[in-house]
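A.B. asks: This is the structure, below, for whatever I ask next.
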Ligand code: UDX
């Protein structure tokens, strides 16, 4: 089959490459000529394990191309995916839909044959119906243009695996306009569906809501354990053992119960805020009041970390040398959008600390966002003469650190584990002060 994918960020580039991997002819479309040039040359503009190989293999096979031309895209296929970003609006909770609107407004006037537009981006409920009406009004093909929603649940760091082996597929269709999208997508995704993956067909609003509800649930689960972690700190209990014990209950499950510095990134924080904003517009704001608390528990972890850092540095961060290990919002990613680690590093600098940051992949992105922090090229360099070492992103490289690796490097043997990824006893036995969030 042939399809296009509009937007070549984490979502769009992965979807385009993976659809080509399934054997389809794919054209990725982006307004940024720099990104298009890089991708065309087989280079991924961000760090995503395994994606470069899939990209190159399919470019070489002639199944995957990239362009900035909407005219080319409209001529290339009649199945178009929408994978552009829906960031948080500046100074507001609501999602900024300008990229989604811009694709529809530019593409629709070029559609002179029956076409299907399938949204994959995370959008406020009601967006798909509105985009459908907009596209049909603008397209020469008019009523034969169909808009459907097929939300994407991929995680950064596992994007290829999640796209090629999803837990489930959700497809929202316009119930008032029976069309061909379900048949087309079942055919396109046939190799994936062969693995007996549930394929749920819903109305448009339900499909849009599935995605934001899933992210709201995950965020709530993390903030739940972080709230319990605050109580653990107040009583001397250990939140990691508590989470293990909770997790054995199959109704609860252990995943997403890792207490620590909380969630960040380009999805969970902005998605729960946009969800609250949309519920408010719909007159259902009371229903999602609890997400405000989810958000504030999450943000409180960051200030708590700064307090803990001050405490271990003798009561004040002024003039203290602090090593920060980790800058990406999570391991296996170079994404620093709303990164808890960088946020904490920035706050500590405001409190007068000299902060040295090391991350295996996210240093370039960090420099752009926080140019005044010091960046080191290795763990040892970041930890030189440190009064405290803070692990703020649980990269495997940091989780594998041994007390002896740093003993001769730091000024004071103080380890603060912001992600509860180290063996507390091992560090204490080696004579270090070990502190973790929610660990007594
Ligand atoms: C998330 C959703 O998981 C994915 O389904 C959706 O499509 C996009 O948003 P992602 O943002 O890539 O994916 O990261 P995820 O692995 O969900 O982690 C989000 C944040 O939560 C990270 O900052 C992570 O460190 C934090 N987290 C995760 C915790 O603090 N504790 C946990 O137990 C799990």
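From the backbone N, Cα and C atoms, a Cβ is placed for every residue, glycine too.
According to TrEMBL:
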- 267: active site, nucleophile (ACT_SITE)
- 30, 35, 86, 122, 156, 270, 337: NAD(+) binding site (BINDING)
- 153, 154, 155, 156, 211, 256, 257, 258, 259, 260, 264, 330: substrate binding site (BINDING)
- 323-424: domain 'UDP-glucose/GDP-mannose dehydrogenase C-terminal' (DOMAIN)
A.B. asks: Within the domain 'UDP-glucose/GDP-mannose dehydrogenase C-terminal' (323-424), how many residues are helix, strand or coil going by DSSP?
C.D. replies: 33 helix, 18 strand, 51 coil
A.B. asks: Running a distance check here. Ligand 1 versus the binding-site residues 35, 211, 259, 270: which have CB less than 6 Å from one of its atoms?
C.D. replies: none
A.B. asks: Could you state the whole-number distance in Å separating the C-alpha atoms of residue 264 (substrate binding site) and residue 122 (NAD(+) binding site)?
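C.D. replies: Given the Cα positions, residue 264 (substrate binding site) is 16 Å from residue 122 (NAD(+) binding site).
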A.B. asks: How far is it from residue 155 (substrate binding site) to residue 35 (NAD(+) binding site), counting Cα to Cα, in Å?
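C.D. replies: Between the alpha carbons of residue 155 (substrate binding site) and residue 35 (NAD(+) binding site) there are 21 Å.
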A.B. asks: Using only the Cα atoms of 153, 154, 155, 156, 211, 256, 257, 258, 259, 260, 264, 330, which the record gives as binding substrate, return the largest interatomic distance in Å, rounded to a whole number.
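C.D. replies: Binding-site diameter by Cα atoms for substrate: 24 Å.
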A.B. asks: In whole Å, note down how far the CA of residue 211 (substrate binding site) lies from the CA of residue 270 (NAD(+) binding site).
C.D. replies: 13
A.B. asks: Radius 10 Å, atoms counted are CB only; among the recorded positions 257, 259, 267, which position scores highest?
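C.D. replies: The most densely surrounded of these recorded positions is 259.
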A.B. asks: Using a 10 Å cut-off, grab the number of neighbouring Cβ atoms around the Cβ of residue 264 (substrate binding site), all chains included.
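C.D. replies: If we count other Cβ atoms within 10 Å of residue 264 (substrate binding site), we arrive at 23.
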A.B. asks: Please report the number of other Cβ atoms within 10 Å of the Cβ of residue 155 (substrate binding site).
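C.D. replies: Within a 10 Å radius of the Cβ of residue 155 (substrate binding site) lie 15 other Cβ atoms.
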A.B. asks: Given the recorded positions 211, 259, 267, tell me which ones have a C-alpha lying within 10 Å of the C-alpha of residue 337 (NAD(+) binding site).
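C.D. replies: Taking 211, 259, 267 one by one, the ones whose Cα falls within 10 Å of residue 337 (NAD(+) binding site) are 267.
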A.B. asks: Taking only the residues the record lists as binding NAD(+), namely 30, 35, 86, 122, 156, 270, 337, what is the largest Cα to Cα distance between any two of them, in Å to the nearest whole number?
C.D. replies: 24
